[in-house]
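K.L.:
Pasting the feature list from TrEMBL:
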DNA_BIND  A:34-53  DNA-binding region
DOMAIN    A:12-71  domain 'HTH tetR-type'
DNA sequence: ACCTGAACACCGTTCAAGT
DNA sequence: ACCTGAACACCGTTCAAGT
């Protein structure tokens, strides 16, 4: 699977620069950042970007695959330290937080989980993609939790993944502000809730619905 | 609030044509449909489109405000016919279905509810927008359900709106296909589930979590 | 083998000129 | 008062020419 032939030195360096520029650009501008700009900031021609990363999605994957694998590995650690149900909740919170903090990651999972079409998968639709580790992780945690009688058996791992993805999208950006003088139509303490807090709250509510009832 | 002066006949006709073209375009191409194309299909110059609808969001609102109001009004009907909890569930299902069927509507609610930034609100951020009827509708249904002891009191109307919005996004397009040979990692009967079915299932799970516990 | 940058097609947005 | 369409800036993508 690894490179058949080592890359030429300049090619390798250009790839590195492109990735560095892309990380910054995606973080600042979001997953729709201008590819031309990324190439410029990396100091290479536009063609070079396309040679290394033929699609925007390929670039996104290259940028985020490390983080994705890191999150997936957390599943194992949490599974050892916590009871099955708690491990699942904790992991879902970490995943959701990752999606909120890294818009590119959210876009990737979006197109990989069937949630929307930002950064589409391309017509080919090769099912195997960089989010497979996440799928495996959630499958394990969900299986454990069901085995321990802490999770309903009529939901699948993909359901859980999709729901948390949706909930994370629903939490919104780290924009802060929430439309100022809102004629109190939202009943409760809405005021200055942190996005992270809100995520935890929503994941909690969701899990309440997914919990197996005695 | 209505037009101060009646529009000139040609202006009115152009507006009509633009709206008709936009309805088709948003339905076919999604909320990102080319504005230039819409103007062309309507048989008017690009400038005319901008005169009538200065932003993409303005056009989206003009296209969907009728449907939005129709959905909002359904809340009243359902509230009369059903017990509070059931009315809320039924309405959320209708809203979710609307968002799945009309991508433009989803985009509108998205930027209005703080969920994402597709079709952004513009820097002004005028809090009043076309989704207000939805907010009022959900506020009423949520209030009723809480009053009847059928819904937790620690969630606000906006929470419910955001969560259903997220869940609807999580259900995905009416694309049908779900990536073909998926090495059964998703536990359950995933096979040929309709998007509408899935939405109902997800809304049901969510409500299970939001229900007031005796 | 890889890179460059000009070239092309496309889109959003503005605005001078028309009626 | 409203419309038109050319003009501009910007972006993604390709490809002939370079090293």
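Using N, Cα and C of the backbone, Cβ positions are placed for all residues, glycine too.
Burial and contacts for the listed features, if you can.
P.N.:
For the DNA-binding region (A:34-53), the model's pLDDT averages out at 96.
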K.L.:
So if I exclude everything within five residues of the ends of the DNA-binding region (A:34-53), which remaining residues of that chain have a CB under 8 angstroms from its CBs? That is, six or more out.
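P.N.:
Apart from its flanks, the DNA-binding region (A:34-53) reaches 11, 14-15, 17-18, 20-22, 24-25, 59, 62.
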K.L.:
Count up the helix, strand and coil residues in the domain 'HTH tetR-type' (A:12-71) according to DSSP, in that order.
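P.N.:
So the counts come to 49 helix, 0 strand, 11 coil.
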